[in-house]
Amino acid sequence: MSAYPRSYNPFDEDAEDEDARPAPWSDSRDLADGPGAPADRQQALRQEVLRRAEATAASTGRSLSLMYESERIGVVSAEELVRQRGALERTEKMVDKMEQDLKTSQKHINSIKSVFGGLVNYFRSKPAETPSAQNGTLTPQPSGRLKDAINSSKEQEAQYQASHPNLRKLQDSDSIPGGAGSAVSSEAYPRNPHLRACHQRIDSNLDELSVGLGRLKDIALGIQTEIDEQDDILDRLTSKVDKLDVSITSTERKVRQL
């Protein structure tokens, strides 16, 4: 027995399937052809260009913020290196003073071996006291490159005004990026005010990024120079401490022999 009624037509299912197929997908941005289609396409293109310009301006703004944050961290690290240099220099001065005092003690020990002659030698060869540098305020002197980089970063606003390419380009008309349009800015940027503002903001951000990255590079080079100089101080200090340790051992041996 057939599972379908006698009046059933199997080809009717194919017709129903074709009717049930989804309509082709169409983007809402697709514009129909017609008398106003070219103008609509131009308007859509303008909106797309403006959207991309705004996204680019926002991206350069975020990059600028990251650059400023990196520069701030670089300045903090550089200033910490300067304080560390001050500590190393004070330590070196103290080691020098200890070595001088130890030499004086050794002379006293040698003079004790001869009672009378020792007294004469003591008063005659007493070394002149040198002013103690660590008692005063010792101002650390960082490397010239690092000092210049720190000062440059702290004066970044004045430096930016002096080195901004757009300001030099537009100084004859006294215009600034994002300000009133001049003859130069009208030629350099689009006529659409919103698009022109985006382009000016992008140019301003890129120019400031260029100057800021230059400052950041100077900070990095200054930090490297400062680290190299502090390595020299550490090597010098290590040698002095080793020499002082030998002198202390020798002095202790002489004291026990008295």
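Positions of Cβ are set from backbone N, Cα and C atoms, glycine also.
Note that this is a predicted model, so its numbers are computed, not measured.
Features reported for this protein in Swiss-Prot:
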COMPBIAS  131-142  compositional bias 'Polar residues'
DOMAIN    196-258  domain 't-SNARE coiled-coil homology'
MOD_RES   Ser65  phosphoserine
MOD_RES   Ser77  phosphoserine
MOD_RES   Ser114  phosphoserine
MOD_RES   Thr130  phosphothreonine
MOD_RES   Thr137  phosphothreonine
MOD_RES   Ser163  phosphoserine
MOD_RES   Ser182  phosphoserine
MOD_RES   Ser185  phosphoserine
MOD_RES   Ser204  phosphoserine
MOD_RES   Ser210  phosphoserine
REGION    1-43  region 'Disordered'
REGION    127-147  region 'Disordered'
REGION    161-188  region 'Disordered'
Residue, out of the modified residues Ser65, Ser77, whose Cβ gathers the largest set of other Cβ atoms within 10 Å: Ser77
Secondary structure tally of the domain 't-SNARE coiled-coil homology' (196-258) (DSSP, helix then strand then coil): 62 helix, 0 strand, 1 coil
Sparsest-packed of the listed modified residues (Ser204, Ser210) - C-beta count within 10 angstroms: Ser210
By Cα-Cα distance, the member of modified residues Ser65, Ser77, Ser210 nearest Ser204 (phosphoserine): Ser210
Rounded Cα separation (Å) that holds between Ser210 (phosphoserine) and Ser65 (phosphoserine): 13
